[in-house]
Amino acid sequence: MSLTNADETVTYDALIVGAGVIGPCVATALARKGKKVLIVEREWSQPDRIVGELMQPGGLRALRSLGMIQSINNIDAYPVTGYTVFYNGEHVDIPYPYKADLKPVEKLPGLVRDGNDKVLEDATVHKKDFEDDERERGVGLVHGRFLNNLRNICAAEPNVTRLQGNVVEILKDKKNEVVGAKVDVDSRGKVDFKAHLTFVCDGIFSRFRRELHPDHVPTVNSSFVGMSLYHAHMPHDMHGHVILGDKHMPILVYQISPEETRILCAYNAPKVPTDLKSWMTKDVQPYIPKTLRPSFDDALAQGKFKPMANSWLPARQNDVTGLCVIGDALNMRHPLTGGGMTVGLNDVVLLIKKIGDLDFSDREKVLDELLDYHFERKNYDAVVNVLSISLYSLFAADSKNLKALQKGCFKYFQRGGDCVNLPVAFLAGVLPKPLLLTRVFFAVAFYTIYLNMEERGFLGLPMALLEGIMILITAIKVFTPFLVRELIG
């Protein structure tokens, strides 16, 4: 089917700008609800990107709700059953939560059918393991292959029309309400396409997020440098690895296929060093676990570095009639916790529950529901987003108090029980309780203060009390402003 023949004489129910992870999910869900959908993407060929390679259990649960879980099949996706956190040579294993402790996965009417909420059997994803494991699972995957699967599921829907072109303008009427988009299409030029509701899903580098507000732009304070490791010997199979220490920035390692492992090395500035190889050799290589060193050293010698900026962007209300901004175009968090796709996919689930059965030509009714949607999404959105930025502050500790909190956090994990069960449930995107997150974060802070007092001893108590006050103030600074912004903004 041609990707340039979309009919501009039709008023579509929904026009979707962008076919990254979120766009095809919105398009598929709305099409299954009977909506006539046009989805526009600049380039439909498989991309090569290092974002969106780790899907937390909360994201997989959302794919099940949408009837799109089979998008992880037949792409050599690699199961993830939990995390291993390293700190100055010690480590602690943190498995994902038990399924019995969570609510059953919600099956959205009209979307889940014919077993499309269950994984298929393939070379790396074993149906029995995913469906019958007593614990939740995540998955590491090659982003481009996953995206192709999502796009193919979307393309199979008869109510979806795909268009390859560059969206150059969001169209508005005399009342300043959004009525569609102008698309530059090969061999056709600039064409106006009309729709009752236009979805902006154009991702991290969104051109159109500022249609909500001119100030809706992300903040960038840090970076990651990525490399591909091949045939790496992971310290713990089927685990994501977080490598911490008081002398280096956080290092993330997770397998994305049987052959390929992604390593992401944090750098605490918006722009990475000019001489990346020297920086990696000096500030990263000495802290890589022994089993990973051969594959790391090979990758370092090849010098194929992939830098990426880390953005933070709190969500704004979708208060423009005829417009819905969703995914990374709306809301971003630090990628340390791998929660981006989880938030975006849960947004799609909630969105479909709110507006999937509405008549989109009733634009005021749709707008009312979108305003409600903004507030209903805050619980899970706030947990994943605030956790990402506060954990990064601790794990990338650049002050005495933050280093104390970093050590205290690791020691807290070592206690086991709820000291790991609750944090990993937040990380997995399956415990949308921001007040409980607050309690756990400050439990870590007070445990850090206790450890410091114990280390100081009786004679050092006055100094320990002063340091405790400073540690508590630091904890408040790295957590509270972000929580308030997410919940109240």
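Even glycines carry a Cβ here, placed using N, Cα and C.
Taken from Swiss-Prot, the feature transmembrane segment covers 10-30 (among others). With a cut-off of 8 Å between Cβ atoms, the residues of this chain six or more beyond the transmembrane segment (10-30) that come close are 36-41, 44, 52, 63, 66, 68, 108, 111, 146-147, 150-151, 153-154, 157, 159-162, 167, 170, 180-181, 193-203, 208, 326-329, 341, 344-345, 347-348, 351-352, 356, 360.
E41 (FAD binding site) falls within a strand segment according to DSSP. Annotation comment: Swiss-Prot describes V21, I22, E41, R42, R49, R151, V167, D328, M341 as FAD binding site, evidence class similarity to another entry.
Within 10 Å of the C-beta atom of Y83 (site 'Important for enzyme activity') sit 26 other C-beta atoms, taking all shown protein chains into account. Annotated site 'Important for enzyme activity' per Swiss-Prot: Y83, in sequence order.
Within the chain, the transmembrane segment (426-446) has long-range Cβ neighbours (under 8 A, six or more residues past its boundaries) at 56-59, 61, 83, 96-97, 102, 136, 138, 337, 339, 342-343, 346, 378-380, 382-384, 386-387, 390, 405, 408-409, 412, 471-472, 475, 479, 483, 486-487. Residues or ranges marked as transmembrane segment by Swiss-Prot: 426-446 (among others).
Residues annotated as transmembrane segment in Swiss-Prot: 464-484 (among others). The list of residues near the transmembrane segment (464-484) in space but at least 6 beyond its ends in sequence, with Cβ under 8 angstroms from a Cβ of it, reads 382, 385-386, 389-390, 393-394, 399, 401-402, 404-405, 434, 437-438, 441-442, 444-446, 448-449, 452-453, 455-456.
Rounded to a whole value, the Cα-Cα separation of M341 (FAD binding site) and Y83 (site 'Important for enzyme activity') is 18 Å. Looking only at other Cβ atoms within 10 Å, the busiest spot among the binding-site residues V21, V167, M341 turns out to be M341. Residue density at E41 (FAD binding site): 23 other Cβ atoms are found within 10 A of its Cβ, drawing on all protein chains shown. With respect to their backbone Cα atoms, V167 (FAD binding site) and Y83 (site 'Important for enzyme activity') stand 40 Å from each other. In this structure, the C-alpha atom of Y83 (site 'Important for enzyme activity') lies 24 angstrom from that of V21 (FAD binding site). Spanning the residues V21, I22, E41, R42, R49, R151, V167, D328, M341 that the record associates with binding FAD, the maximal Cα-Cα distance equals 23 Å.
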